[in-house]
Amino acid sequence: MKTDTSTFLAQQIVRLRRRDQIRRLMQRDKTPLAILFMAAVVGTLTGLVGVAFEKTVSWVQNMRIGALVQVADHAFLLWPLAFILSALLAMVGYFLVRKFAPEAGGSGIPEIEGALEELRPVRWWRVLPVKFIGGMGTLGAGMVLGREGPTVQIGGNLGRMVLDVFRMRSAEARHTLLATGAAAGLSAAFNAPLAGILFIIEEMRPQFRYNLISIKAVFTGVIMSSIVFRIFNGEAPIIEVGKLSDAPVNTLWLYLILGIIFGCVGPVFNSLVLRTQDMFQRFHGGEIKKWVLMGGAIGGLCGILGLIEPAAAGGGFNLIPIAAAGNFSVGLLLFIFITRVVTTLLCFSSGAPGGIFAPMLALGTLLGTAFGMAAAVLFPQYHLEAGTFAIAGMGALMAASVRAPLTGIVLVLEMTDNYQLILPMIITCLGATLLAQFLGGKPLYSTILARTLAKQDAEQAAKNQNAPAGENT
């Protein structure tokens, strides 16, 4: 009898413990799980929208080029049509940005950095359509812009949209989903999941709040974004340069010299971007008519340039494999480099919706290939392959300009599938970053954000000053 009683009591104790465990589980904070679920949703949406953006931009470009092919035998029609088509497409992008969502202009990455610090608003309901359609216009016009900036900003805004749809109010969720969307956006633009994660950790390190949930959320979003991208585009590297040879140890000093060159070029490039922005601001003075006409002229110029020298127009993804293969002479590489520096400054600094990553990668490829070809002539005993310097140069300019060497290294290796070049990449990017910092260069996106915040404060001060006296008393 005592045994039965003891058994019964033991069973009751087990049941009570189970009930207590279930009760504790039910009462536990579900916020981390909810954030991870929403991160998966954000990553999936960003991947879908990123692929859609890529496809629609390609469609617009093909339609424009197809129209030009129809009149290719009639020069008196071809040149004016090339200018008009690109000008009209560009004007659509400039008008939408200026009229409906000024924060959608430019890359959009500084806006996300500002939003992570809660210094810039996130108005996803107007940024998403304007950035998508405006980017279709400017990139479809053949302007020297990349799609990574728009995709990062679109991803961040999708993160805020999902947050609002699920009515989450916690600051942690707001910050985490914004960062998740941005990382997923970069991953969707370049098929580079690890670079997307590093971009948030490295480039946005002052704004990103490190904790276990935020890191897991970023990983989750990037995974989903990459899966969606690969479902639609396959698993091949986004830039096909083939398998390049390894860099022998006795040639590594050349990569350090290349890094020193880019360490000088990066700060100069950043300074030119900022000065060109000031020049455009003085020209249009915020007047929408002047701004749109200016954008149309720049777009039309890119359309004409695409006929004269196709390598000098467009984002640069088509140019990179051709240049890296050594199909141009050193003189032509330097000429295209200078031409694309000018067109990049005109397109990006004018405030067109579009990124600068892809143009910078193309510029790095051009200068890196030129250096590699010159080094091969000067040091024939090394049997150098110019393509390896092209790969190193791709990441070096980004490292010196954006001050994100890890992201630059991993991004280029993921895009080209040449992981054996990681050592020369590290040497080149580290040399470029250290010299750029020594010369006093500032990270491009951080500088643009600081200028945006200064302008925002000045506008707010002007509003307060112009407020009726009755409101101030």
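Quick reminder: no glycine exception, Cβ is built from N, Cα and C everywhere.
What you are looking at is a predicted structure, and each value in this text was computed from that prediction instead of being measured.
Swiss-Prot lists Ile356, Phe357, Tyr445 as chloride-binding residues, and of the candidates Ser58, Ser86, Ser107 the one it assigns to that same site is Ser107.
With respect to the membrane, Swiss-Prot annotates Arg17 and Glu287 as residing on a common side. When the ranges 125-129, 140-144, 355-359 are checked against Swiss-Prot, the one recorded as motif 'Selectivity filter part_3' is 355-359.
In this view, Glu203 (site 'Mediates proton transfer from the protein to the inner aqueous phase') is surrounded by 24 other Cβ atoms within 10 Å of its Cβ, with every protein chain counted. Residues of the topological domain 'Periplasmic' (70-76) grouped by DSSP class, helix first, strand second and coil last, total 3 helix, 0 strand, 4 coil. For the transmembrane segment (148-166), same-chain residues at least 6 beyond its ends with a Cβ under 8 Å from one of its own Cβ atoms are 34, 38, 41-42, 45-46, 49-50, 53, 104, 106-109, 111-112, 115, 122, 124-125, 127-128, 131-132, 135, 173-174, 177-186, 188-190, 221, 225, 353-358. Highlighted: of the candidate stretches 77-100, 215-232, 253-281, 288-309, 355-376, 355-376 has the greatest count of Cβ pairs under 8 Å to the transmembrane segment (330-349). If you look at the transmembrane segment (77-100) against the transmembrane segment (215-232), you find fewer than three C-beta pairs under 8 angstroms, all six or more positions apart, and that falls short of contact.
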